[in-house]
Amino acid sequence: MVWKITGPLQACQLLLVVLSLPQGRTSSVLTVNGRTENYILDTQHGVQASLECAVQNHTEDEELLWYREDGIVDLKNGNKINISSVCVSPINESDNGVRFTCKLQRDQTVSVTVVLNVTFPPLLSGNGFQTVEENSDVSLVCNVKSNPQAQMMWYKNNSALVLEKGRHQIHQTRESFQLSITKVKKSDNGTYSCIASSSLKMETMDFHLLVKDKVFVMPAEPIIAACVVVVLTMAFALFSRRKRIMKLCGKKNDPNSETAL
């Protein structure tokens, strides 16, 4: 259909017609804790975090969905329409970095995501007792979790560890702090302390290293070879002796060997 506008009166009539046309749904907007954009929520270990998702500009009831990472959150029936809340309590270190997303059920492209930033003091773990033989290699692995990230260091017998070039090596990742010692000596005996220091707290974990004498183990191959040689020698000796005895017995039984009278 072609609209032909010839004057102001016709323009007003056209505007009235357009306004009287059936209107679609108003574009709904979501907010989480009053915010319309994705954001990071700073929180602490051991507290409770509440997230409230609400629909704005809706002309009819809207159903809401909550996701934790990629898994849908099971909501009660009274906690789905227009306003929906989820509660994380108590928050622990495993919740750090977790995404919570509220979505409009009829149009899941409409969403708001909240990422938890959980601060907590250093948590240390590892094998606290190790026994190794002299001249072997050993690694002391200190597992660490911390937010904010902790500053790490190694101590030996309550003093800062002096690293020996070629024997000591330190390898650090976000979740581990490893001390490797090659060709350990008796002087490496002692208590090694993994120390983690953050703005929240300083934590220490002790690793006890015992270096024992190297046990000399005779290689199995030479022993087996020696046994085989002994057995073969004995067998050959017995065989030769048996052959000689049989010859002697044969001479005794031979009539031609008797002395003539």
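Including glycine, each Cβ sits where the backbone N, Cα and C put it.
Listed in Swiss-Prot:
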- 27-113: domain 'Ig-like C2-type 1' (DOMAIN)
- N57: N-linked glycosylation site (CARBOHYD)
- N82: N-linked glycosylation site (CARBOHYD)
- N92: N-linked glycosylation site (CARBOHYD)
- N117: N-linked glycosylation site (CARBOHYD)
- N157: N-linked glycosylation site (CARBOHYD)
- N189: N-linked glycosylation site (CARBOHYD)
- 216-236: transmembrane segment (TRANSMEM)
- 237-261: topological domain 'Cytoplasmic' (TOPO_DOM)
What's the CA-CA gap between N92 (N-linked glycosylation site) and N117 (N-linked glycosylation site) in angstrom, rounded? 11
Using only C-alpha positions, which one of N57, N82, N157 is spatially nearest N117 (N-linked glycosylation site)? These are the glycosylation sites in the record. N82
Round to a whole number and give the Cα-to-Cα distance in Å for the pair N57 (N-linked glycosylation site) and N82 (N-linked glycosylation site). 10
For N189 (N-linked glycosylation site), which residues in the same chain are close in space, meaning a Cβ under 8 Å from its Cβ, but six or more apart along the sequence? L209, L210, V211
Do you know offhand how many angstrom separate N157 (N-linked glycosylation site) and N82 (N-linked glycosylation site) by C-alpha? 62
N117 (N-linked glycosylation site) -> DSSP, reduced to three states, gives strand
Return the average pLDDT for the topological domain 'Cytoplasmic' (237-261) as a whole number. 55
How many other Cβ atoms are found within 10 Å of the Cβ atom of N117 (N-linked glycosylation site), counting all protein chains shown? 16
If you count the other CB atoms within 10 A of the CB of N157 (N-linked glycosylation site), including all protein chains displayed, you should get 10
Given the glycosylation sites N57, N82, and counting only Cβ atoms in the protein chains shown, which has the most within 10 Å of its Cβ? N82
